[in-house]
Amino acid sequence: MADVVLDGVTKRFGTTTAIDDLNLTIADGELIVLLGPTGAGKTTTLRLVAGLERADQGRIFIGGHDVTTVEPAGRDVTFVFQQYSLYPHLSVYDNLAFPLRSPARRVAEPEIKRRVTDIATMLRIAHKLQNRATQLSGGEMQRVAIGRALVRRPSIYLMDEPLSSLDAKLRSDLRLELKRIQQDLGATILYVTHDQIEAMTLASRIGILNAGRLVQIGSPREIYRNPANLYVAARLGQPAINLVPEGLIPAGSAPAGTRTIGARTEHLRIEKASNGHAIGKVEWIEHLGDQNHLHVSVGDRKLTTLVDPQTDLVAGDQVALSLVDPLYFDQAGNRIGGGN
Amino acid sequence: MPGLTQAHSVVAPSTASRRIAGALVIVYAIITMIPLLWIIATSFKTPPDSISYPPKVIFTPSLEGYVNLFTTRTRQTPEVIATLPPPTTWYDKLVRSRNMVIAGPSNVIPRFVNSIIIAFGSTFLAVFLGTLAAYGFSRFKVPLKDDLLFFILSTRMMPPIAVAIPIYLMYRELGLSDTKLGMILLYTAVNVSLAVWLLKGFIDEIPREYEEAAMIDGYTRLQAFRKAVLPQAATGIAATAIFCLIFAWNEYAFAVLLTSGTAQTMPPFIPFIIGEGGQDWPAVAAATTLFVIPIFVFTILLRKHLLRGITFGAVRK
């Protein structure tokens, strides 16, 4: 394991800039999750670290060595792809042994057998070792793909939405497993996902990317509680943060320059309105079992918030809303009074 | 349950439709195989049987066609034959019963060997070069890629024989006329465009992640190509090889024009067998039968790949 540094890295594809002056340091043993919409540059960042793409500007260091122009084989990284990385013509065992048998490594067969068996046991696929890769279920395939990364002890593991092709149940199982493995091995991981639950639960730090730029990086808690701007605020939170113009809902004293107020469930107080204080109306309540989503209209705005499953509110009720210490954003969308 | 009709299954065809499909396949197979079976039958007939009318379906088999194919013979009077020492082998006897004497072996074996060397050699070269070129076109940023691919395709846009005379003159100058190397190069040039296009299609279907994963795992680009891409492309390579082989094996026009002796292949050789006196159809049929066997064997060996090759890309896993 080693720390990884991206220093002012820029990558262009034709006229589009995929990564724009990216500075990122991944400490030894840290799991950094890159979060952002499609096209934000998450996968490109992974590919740059792996050496599958060459940076146009800037430098990349792995364990203190400048690897900016080093071939992928010489970088000592592993990559878990979203899909397709198992060789259909090989058995599960041979797939897992593939990285160890590379000409660059040439691990002895008894050692390969030991490591493959260890990893297969850890990932609970030991009974499938002699199967062909194509005879596995989706979850098993993805576990083998992760296993292929884990048989080595690289400087850094790169994972590109490794769980996204799985169903919800498997995804949460493997998420826990990954977290456990990461803690057991003390692995350095750069992880890309769309899934904010994965990001919140796995990450030591979350990096938010927008159009090739790193907008904010911090612990999941920081990113959630102290987003630097509207873009970051909208990335985390379920249901998504409500963004309303200043003045729509009573907010006590908004700081000067506030244009937009961000209100999550914990920032909103909703009560059944008594005579004339109503400013909103309950549109409907989504019952999701463990939680209920309450949809409220205020003027022409729609707000969504969590509500106690035992709530006595029903669709059509007039409600009074107020804000408690919400997030304030200025004209440009930057947070006011943030960073504290 | 009486009174209830069985729901029609979408997945499994009914017995009736399976029988109809089976019958159609058999009928079609018989229709396409009749000429081939007729040629094989003719190769075992005597010359008189082969041209009798009405044609004989039931006949006494004879190896005369094969004997005539593999030998050259001279016609002698029965008096001369009577002075010769008695025949030592069954084929000597057979030939003498037709008032002929074996003069020596025919050219069929060298011609057959030429066909094998030229067809398999050019197929190997076309597929080898085609695979590398297709991989390059599929994976790398090649300047003028589309133009180059179009150029490669354009070499197939006119019938190859249209350039026969320039090639003939060129080959004469280069000393490639009537050489195996010349024929291998020619067939490779014709086939390589087909190979590039077919194989590019197959390789495009192989996810890049396969090689990328291998390269990250410590393999060089070429090693990754060999370990991760080639096994995946085996199906496409087999299908392409069969197409190339069939072309090179059957090619007639260039073979007639450019070969006459040492490099002559089977297609221009077979018509020469007909003979100067009577028309020796059994020998021609015997040559044709032997000529079909290598393609037949090659296709059978690769048929598993060929079937998968035809449906390749149709099913996304």
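Cβ coordinates are placed from backbone N, Cα and C, and glycine is handled just like the others.
Automated prediction, rather than curation, is the source of TrEMBL annotations.
Given the structure is predicted, the values throughout are model-derived calculations rather than measurements.
Copied over from TrEMBL:
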| type | residues | note |
| --- | --- | --- |
| TRANSMEM | B:20-41 | transmembrane segment |
| DOMAIN | B:112-302 | domain 'ABC transmembrane type-1' |
| TRANSMEM | B:116-136 | transmembrane segment |
| TRANSMEM | B:148-169 | transmembrane segment |
| TRANSMEM | B:181-199 | transmembrane segment |
| TRANSMEM | B:229-249 | transmembrane segment |
| TRANSMEM | B:281-302 | transmembrane segment |
Of the listed stretches (B:20-41, B:148-169, B:181-199, B:229-249), which one yields the highest count of Cβ-Cβ distances below 8 Å with the transmembrane segment (B:116-136)? B:181-199
The recorded stretch from B:20-41, B:148-169, B:229-249 sharing the largest number of CB pairs under 8 A with the transmembrane segment (B:181-199) is B:229-249
In the same chain, residues at least 6 away from the ends of the transmembrane segment (B:229-249) whose Cβ sits under 8 Å of its Cβ atoms read 115, 118-120, 122-123, 126-127, 130-131, 135, 187, 190-191, 194-195, 198-199, 201-203, 206, 210-211, 294-295, 298-299, 302, 305-306, 308-310, 312
